[in-house]
Every structure is written in structure tokens, then in C-alpha cells.
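First comes the structure, then the notes that go with it.
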Amino acid sequence: MGAPVEDVLDRLEPPVTAIVIDPFLVWAVGLGNRRNIPVASLWTMSPSVFSVFHHFELLHQNGQFLLDFSGDLTAPQGPAGYSCKNPSTVTVNDFVSSALDVAVNTSNLIKAAVTPAFAAQFPGLNGLGISSARIDFAPGGVVPFHTHPGGSEILIVLQGTISAGFVSSANTVYFKTLKVADIMVFPQGLLHFQVNAGNTVAQAYVSFSSSSPGLQLLDYALFGNNLPTELIAATTFLDSAQIKKLKAVLGGTG
Ligand SMILES: *[C@@H]1O[C@H](CO)[C@@H](O)[C@H](O)[C@H]1NC(C)=O
């Protein structure tokens, strides 16, 4: 629709000095900008209707838009998640995932394995505000201090005993040893941990109030990158020798 309008603009005498558009004709803004003509948007409905449209856009941006389902991993991911799949191509398999059915290997530094079923692994979760993960612990296993910036977590113990806790933003610690079938919640964004409290393997399943809750491990944030040792010393009050030792263990440099 822009091309014929540009054609008219080219031919009008005297030249157009201002454009008044319907707000839905968004292309006219680009046209005005290209030609250095001021563009005014005329909204003929009530402000409350404008507010409704505006809030639909906010819901979409925040991944809370009321769709039945979504999720196309092949499309680029924006702040609101993945784009939606064409409903005619959706099958039941888009709502089922075996992402948690993995051969778990806990032969690593933390003697534990976290297997996520977030939107990246299970696209059917996209936009639904929920996700899941499985945690396996060998004896001595631990999921070190970490946060999920995007969502709260609820954990259920399936096997063994697990000591778990979190630190509130008022710096109060809440921790407890959990047995099979106990559940514990970890509020969004707070630092928390899980430790195998027994001498056998332990297993837990966790769910999140986000389809992409994210994961930031405190030790890796401090010692697993190239943040200079002197800055870590200045910001943590640890001595340099200890910092270098932890960098060596966690793959950090500098
Ligand atoms: C588990 O991981 C370790 C370290 O990466 C590796 O050496 C070992 O072969 C793996 N075990 C199995 C059963 O895959």
C-alpha cells in the first residue's frame, strides 16, 4: 500500500508537509521518516480502547499472551520466546517430550546432572510459563548455589535425601533436609542449592514458573570466566591464591 501513496506524494503540488495516519497503517511512519515529513497518528476510538491494544502488545512482549499453544524452534527467539507454529502443522508430539529420559552421567565436578526440559528442549512449553527439569545426584553430589532469573522453582524428591535451601534478599537462610515425596519451593531469582544428604544416589524433579527460567551458577559466574583476579578479590574479599585455585578448577582465566 506504501508504493501508490509514495507515487501520489511525488506528484502533489505543493509538496506534502504533514501526514495524518490511522495508527494501524504503521508503514506510513517509515514513509514519513524517509521523506522527512512529520507523521501524526489519529486515534478515533476512546483512550481505553487504545489502552487495551497497548496492553495486548505488552502481554505479547512478556510471553503472557493468551494463546492455546505456540513454539517453533526453527524460528528466531525474541524476548517473548519462540515464534508460534502454524496450528495446522501441530501434532500431539509437540506436547510430549522425552527430554528428561537421558542416560545420566554424574562423573563430573559436582557429581550431579541437571537435565532441563525448558522451551529450548521442549518447544511446546513456549509461552505457557512452565517448564521442568530432572536432577540426578551421585553420593556427594551437589547443585551449587545458583539462581533462575526467570522463574520460581518447585522441587519434589523422588529418591534419596536432599538438603536444599535458599537465601532471601533479606539474607535469611531457609534450608532443610528433604525425604522422598517432600516438595520445596525456591522463589524466583533467589540463590539456592541442593546437596545429596545421603550415601546413595538421589533424584529430584523440578518445575518452573517460566518456560525459559534460565540458570546462573554463582561459582561459574565468579570463577569460570575471564573476570580479573584482582577485581574478584576486590568484590569478594577472597585472597588471590584461593581465586586462582578456583579459576583453575572451574575453567576461568585471568
Ligand atoms: C561419564 O563422563 C565422564 C567424564 O566426561 C566420561 O569419562 C565417562 O566415560 C562417562 N561415562 C559414561 C558411562 O558415559
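Using the three backbone atoms N, Cα and C, a Cβ is placed for every residue, glycine included.
No curator has checked TrEMBL annotations; they are predicted automatically.
Here is what TrEMBL records for this protein:
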BINDING   HIS146, HIS148, GLU153, HIS192  Mn(2+) binding site
BINDING   HIS148, GLU153  oxalate binding site
DOMAIN    98-244  domain 'Cupin type-1'
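Sequence-ordered, the extra residues of this chain that approach the Mn(2+) site, with Cβ no more than 8 Å from the Cβ center of HIS146, HIS148, GLU153, HIS192, are THR147, PHE166, PHE186, LEU190, LEU191, PRO213, LEU215. With the fewest other Cβ atoms inside 10 Å of its Cβ, the least crowded of the binding-site residues HIS146, HIS148, HIS192 in this structure is HIS146. Under DSSP, the residues of the domain 'Cupin type-1' (98-244) split into helix, strand and coil as follows: 22 helix, 56 strand, 69 coil. Taking all protein chains in view, 24 other C-beta atoms sit within 10 angstroms of the C-beta of GLU153 (Mn(2+) binding site).
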